[in-house]
Amino acid sequence: MNIHEYQGKEIFRSMGVAVPEGRVAFTAEEAVEKAKELNSDVYVVKAQIHAGGRGKAGGVKIAKSLSEVETYAKELLGKTLVTHQTGPEGKEIKRLYIEEGCAIQKEYYVGFVIDRATDQVTLMASEEGGTEIEEVAAKTPEKIFKETIDPVIGLSPFQARRIAFNINIPKESVNKAAKFLLALYNVFIEKDCSIVEINPLVTTADGDVLALDAKINFDDNALFRHKDVVELRDLEEEDPKEIEASKHDLSYIALDGDIGCMVNGAGLAMATMDTINHFGGNPANFLDAGGSATREKVTEAFKIILGDENVKGIFVNIFGGIMKCDVIAEGIVEAVKEVDLTLPLVVRLEGTNVELGKKILKDSGLAIEPAATMAEGAQKIVKLVKEA
């Protein structure tokens, strides 16, 4: 689950992570009133959407007067902002964050993530702040420093100081930076986050260390422990298909391809998408049906996939362990009939009751193309979509 920058900064502020003062506004008039509450002569007017790259896309403005705050607010509110993370359709700006300006000395990047290789939380930092960390990793990976954190001990003060020295935080600000990082780690752990990222973190002319950005992703599996976090969810910022999928215990992420995928298991889903790409196709989604799919669940999965107008074919790749292939086959047949599917459909089944499942598909009389392996299925759906 994602939240807006201003919500992230409210969490930071409440847990001892230093941020500039700021207020959220929903109209140009409110933006001016909120700016008046700030003790500043310079204001930063920030578009609030669930996507990065806002600055480069024109979604962050520096205002040197209240009249400029009003001008920028009118310019941004209602505008569709297109960044490298929104896709070409962009996102409409419905709220702004009005923040105090500060005398930036230097910008940095810091982030806490879960490293799947070590199964531990990792602190990453770089003195190349203000730019995409992926770009830094690709061009100058030597400028990224990491600290792997022992889950029993947590982030140690010496690790925080070492990172601060490595990214060339001014000596007079190292202790403040270390304290900042320790507080930020506490946010990550206490709120069950999957990512906490600040880009940029800045040092100021006064020697302060501040978060000028706040990106927080929460582990959906832990949200039951954080009702206060759930209340921050902005459904208008989320894909309606993803919201619908979550209602049926389906994991769905929209992509920009044209081949819909329904798979059970996240690992198999990713392997399926990679295989489709290998044979020249483009997946339209990640959809994990989980290990307990029912006929109804399969039908809903088809409806969600077909809710994407770009989909030109569907590949179902199921390994029946807990999930029985005959149940999946019955669900596929029922779904195809209910949604009146006219697009190419390739189904690969393997595992428990696989022969019975294949017989159900064959006897249905529907235009369902079988596949014996994942590779064969991927090749078939790519070919059918290209010929359609």
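Cβ coordinates come from backbone N, Cα and C, glycine included.
Matching Asn217, Asn221, Asn264, Asn277 to the substrate binding residues that Swiss-Prot gives (Gly321, Ile322, Met323) identifies Asn264. Swiss-Prot names Gly53, Arg54, Gly55, Glu99, Cys102, Glu107 as ATP ligands; from the candidate set Lys46, Lys91, the record adds Lys46 to that same site. Cα separation, Arg54 (ATP binding site) to Asp213 (Mg(2+) binding site), rounded: 11 Å. Considering only the binding-site residues Asp213, Asn264, Gly321, Ile322, Met323, the residue whose Cα is spatially closest to the Cα of Glu107 (ATP binding site) is Asp213. The Cβ neighbour count for Gly55 (ATP binding site), using a 10 Å radius over every protein chain in view, is 16. A count of other CB atoms within 10 A of each Cβ picks out Gly53 as the most crowded of the binding-site residues Gly53, Gly321. Here the C-alpha separation of Gly55 (ATP binding site) and Asp213 (Mg(2+) binding site) works out to 11 Å. Of all the binding-site residues listed here (Asn199, Asn264, Ile322, Met323), Asn199 has the Cα closest to the Cα of Cys102 (ATP binding site). Taking the Cβ of Cys102 (ATP binding site) as centre and 10 Å as the limit, one finds 18 other Cβ atoms among all the protein chains shown.
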